[in-house]
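Following: one structure in structure tokens, then a few remarks.
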């Protein structure tokens with residue numbers, strides 16, 4: 001009973017914070033408030049950097065691999081810097097896309113990430129090609145295509161920004177998997193975020209300075225309480241994701257992810273009045289079916305790996321003298 005309550009609490013918080021941040025970003029990016037994606041993304045990274053430092057000062061036990069990171073700082077920076085730049089690009093393009101497209105449409109596009117990561121992983125040799133996986137991902141891609149064709153207010157700029165964001169995010173995830181694991185530096189999530197945030201902040205600040213407009217400061221002064229709250233929301237999402245990855249099972253995380261996506265699409269329609277066509281509703285149902293099948297496949301693969309890991313010591317013959 002306690003485990004169920006904990007899962008519901010963490011899952012509910014994750015869904016609420018994630019959906020609220022996306023809605024908050026869309027709200028702030030309105031032309032009458034703070035339509036400056038570079039500056040807003042920089043604020044997110046600045047707040048994440050500051051809050052990570054404060055959290056480390058108050059509770060260093062939440063950063064168990066910080067000692068290892070400090071010992072290998074020079075080597076770590078070679079990996080973290082490109083990851084930080086990719087993360088900055090992904091966030092900037094994602095935030096800027098809100099200026100052109102609806103939250104629902106962008107969320108439909110994001111569901112294609114699982115197919116992008118698989119394709120890129122196969123090219124890099126990180127995953128073995130499987131026709132079963134291709135069949136499942138074809139369902140996801142078909143659903144995404146239905147949603148794209150069903151978009152009434154389709155804007156190419158918003159679509160291209162979102163695709164660029166997704167490629168940057170998937171590249172960041174894959175490079176992180178290759179380099180962090182290969183280098184033997186399996187950092188915990190909070191330590192990773194603490195190093196990544198400043199590396200994302202630097203290029204964003206440079207970009208903001210080079211393209212500075214007086215309207216950025218004027219709009220910030222007019223809406224700074226909401227901008228700060230928005231940045232705190234972004235940091236809270238990082239914390240809840242770290243908690244969810246640590247405390248929840250793979251099955252629970254997949255189910256919660258599906259619920260989260262549904263809530264985001266529903267929020268887009270109810271709060272912002274984004275029209276969702278019948279074709280998009282069908283496409284979204286197809287996507288969720290594909291994601292559920294993919295999650296089930298990955299869970300079974302992980303269960304098989306865990307089973308092999310548990311039985312491996314039993315199959316080894318004792319050493320002979």
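Placed from the backbone N, Cα and C atoms, the Cβ positions cover glycine too.
What TrEMBL says about a protein is an automatic prediction, not a curated fact.
A mean pLDDT of 81 is what the model gives for the domain 'Sugar phosphate transporter' (18-294). Residues annotated as domain 'Sugar phosphate transporter' in TrEMBL: 18-294.
TrEMBL lists 12-29 (among others) with the feature transmembrane segment.
Marked as transmembrane segment by TrEMBL: 41-59 (among others). Distant neighbours of the transmembrane segment (41-59): 66, 88, 91-92, 95, 190, 193-194, 197-198, 200-201, 204-205, 207-208, 227-228, 230-232, 234-235, 238; these residues of the same chain sit at least 6 beyond its ends, with a Cβ under 8 Å from one of its Cβ atoms.
TrEMBL lists 79-100 (among others) with the feature transmembrane segment.
Within the chain, the transmembrane segment (112-129) has long-range Cβ neighbours (under 8 A, six or more residues past its boundaries) at 137, 140-141, 144, 166-167, 169-171, 173-174, 177-178, 291, 294. Annotation comment: TrEMBL describes 112-129 (among others) as transmembrane segment.
Annotation source TrEMBL lists transmembrane segment at 135-156 (among others).
Look at TrEMBL and you will find 189-210 (among others) tagged as transmembrane segment.
Residues or ranges marked as transmembrane segment by TrEMBL: 222-241 (among others). Long-range contacts of the transmembrane segment (222-241) within its own chain (CB-CB distance under 8 A, at least 6 residues past either end) are made by residues 10, 13-14, 17-18, 20-21, 24-25, 28, 33-34, 40, 43-44, 46-48, 51-52, 189-190, 193.
Among the features that TrEMBL reports, transmembrane segment is placed at 248-272 (among others).
What TrEMBL lists as transmembrane segment is 278-297 (among others).
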Residues outside the transmembrane segment (189-210) whose C-beta sits under 8 Å from one of its C-beta atoms, at least 6 past its ends, are 38-39, 41-42, 45-46, 48-49, 52-53, 55-56, 62-66, 69, 76-77, 80-81, 83-85, 87-88, 91-92, 176, 180, 216, 238-239, 241-242, 245-246
Can you name the far-off residues of the same chain, 6+ from the ends of the transmembrane segment (12-29), with a Cβ under 8 Å from a Cβ of it? 35, 37, 40, 95, 98-99, 103, 107, 223, 226-227, 229-230, 233-234, 236-237, 240-241, 244, 256, 259-260, 263-264, 267-268, 271-272
